[in-house]
């Protein structure tokens, strides 16, 4: 059942890539890809319907032996942590394909790479074997590199290489840690359930956990390792930015939760205070830098750094509520970032600039882009944490859950949430409000087909903001079970450290 | 000694594969002598058939009960079978590549194939040689044939220079190797068979004496030259740049495999007393090779030079398995050499194809190739990405196994260095992919603008295409469907009695590991 999610996209990517005949128009390939992505999305929703919410463990498991020498097996499963990420992946893939330009150059390569990436990401979320996870994780590397550096902005070549090197380093760190985890615990297989790190000494657990945090911290990204992000997000075209920010960043936080918190609960609770502060710094840093930006895409890119900081704070607190909040924040950040990047892409396509200095008065009902501006206002509010929208729900759960554990970092994050409102007001003020320049303002009309993705996302954002149970119910049992593995040991470990 | 006893000691059946290669070699020469140039249409296929027949003969010798032949001079155990197979296959693919290339250079094909087959012969004998004189003779057969192949396109001054350089460095390293071997002969009190040497040295209480260490270092210098490990690598970039491209395809795979076969056999059998020392020396070589090969490759502008440095780096990766000294370590070496065969030959086939059509090797000239020649772009991209260790290609699984084996043996720093340098290597491999795939049509190089129409029906291009497609498919799927290759690599080690005594037991290592971990 789960294999479908991986293999339909990948196989259709291969078919599209190698299809004979040169002159297939881009629009037809796009249509085929939309169908494939739609089927995957429907299948994913079907799995969501079948998903047993009360079961905290892995569901729909699949197992095939693969390579015993390496301890690599084809082992899939889905639980509360990953189910929402899967949905996010297939939804955003569909939206990204939908929002591509109909006249893309080299369409076959473009669409097959997008489908390939989508299958790979689904594989990483589903994998129940460390090596299999790593395989799917590294599978993203080259397709994304090509997607950025072929169909990007002016500095795409630099941005692509930077992305490639950072991600490759992250992969190397993660692989080293995985090898260490499996070998030091004396396990013969890389399967998740075969590894128990409890037997390791505290120092060793700490070293391995640092490998995990650094490796995934590059991907999330956390503050000192984030410098690839503005370049990659800004230089990538809008659909690719949606995939990069919406899906790929989630791979980092998912990895942190699954392998950091899930496999080293003891060491995690020791480093948690530092992580919380780190998350708060990340959040503040992202917001402050975003205020200084003159380019709306860069602003959105830095807002992503800020919002991922909340996820780190919540994972660090690791109370049952905070973890639910972390998953909810990952999901809603995916939705909000996707709609923002889509709208920014539309504005750039119609107006021809992303500069704050040049944009003005897009709210104007006749000659401006009224609906796009309205949606931009809505999504800016969602990002800044205004009640009634999904961003607020997620952030509130995060803050509520983290306050009891780490009050000061939580307050800092609340402050950063306020700063988010500041730079989004700046953004909205400069772009949507004011007067149109009557000499240059002859913008092409926004087609209905270009509004649909944003409308779909906006409806989802509002719906989940009003009815948040649909956001949190999936992950509750799993995260509660994860917390249950931590709490009893927390006191003992802390006391040991104190005694030392 | 009666005849039956003598026959059983000679056990000539083990060298049947080499016998087939010799007959093919003679056949090629005689046919060329009688028919002249007209025979060149099919003579290459004769040679390939011979090499494949030799591989089939190897298959039937798998798990032979009596591997020792020629009174201890040759050992046909499973380890040697795998290496002989790698060498024979690499020669077969090299011939596929060279048909058009050699014809176009205006030289004779039959002579080329004859020299190539004798190099193959040298490599195959070297894989199983277990006696000092036999080792030396097969090593020199391989070397002298390599020198001749390097300078084969003798109207090209670069080819001449490369041959001279290769000969000078090769001859001196052989002399050093021979000196080390003669020391071994003396230290062991007059033994030439490898096992007997180990016993002789142990009995003479010469273990870890200065003489033994000197002999070891001299022998390693000779081996390091063949596997182009830094600091014995200096010939590699010049030879790769100057020599005909099919030749370096063979040198980078066949010759390197022969060097590793020699390394395993000689070091584990003759030097068990100084195992720590040679592992230390190899650690130094591996560190140097990985760093130097990967870092210097970043700055290359010629494709062949870039692949030269990359092959130095790949030798460094393979050495990790050798240093580990466990069963998994040796098996991972063999697995990596197997997949290296596919990916490197695939890469070289593409380079030959490109230079046949355009006459250049510069990396910058590849830009915009995707429009004119998609198959070539795909082949070169896949093989380079596989060399860089990108999943799900064969090289990824090869590297994972090497690193996993290294980690199991406690070589943490070496594995970390390997990981870091792999990241570096991705950069220079992707640079070529970027040239071919990413560049816009208006950024196309002049050479690609004037790219000839892609035709496969010219003489000698069809085999090139066959070779390209086969190695490409192997590179793509040998990783995902790697179980048979893994089984082959593992069995070849576990069925080799020679290695059993010297294997570091994994259990011992894991018993030590917790103590180390507490030290952290």
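Note: Cβ is positioned from N, Cα and C throughout, glycine not excepted.
Whatever TrEMBL says is automated annotation, not expert-curated.
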Given ranges A:349-367, A:368-386, the stretch to which TrEMBL attaches the annotation transmembrane segment: A:368-386
Of A:330-347, A:474-491, the range TrEMBL labels transmembrane segment: A:330-347
So if I exclude everything within five residues of the ends of the transmembrane segment (A:71-97), which remaining residues of that chain have a CB under 8 angstroms from its CBs? That is, six or more out. 2-3, 5-6, 9, 30, 33-34, 37-38, 40-41, 43-45, 47-48, 51, 53, 56-65, 111, 114-115, 118, 121-122, 125-129, 131-132, 135, 182, 187-192, 239-240, 242-243, 246-247, 250, 254, 257-258, 327, 330-331, 334-335, 338, 342, 453, 456-457, 474-479, 482
For the transmembrane segment (A:31-51), sequence-distant contacts whose Cβ falls under 8 Å of one of its Cβ atoms, 6 or more beyond its ends: 1-2, 4-5, 8-9, 12, 16, 59-60, 78, 83, 86-87, 90-91, 93-94, 97-98, 111, 114-115, 118, 122, 474
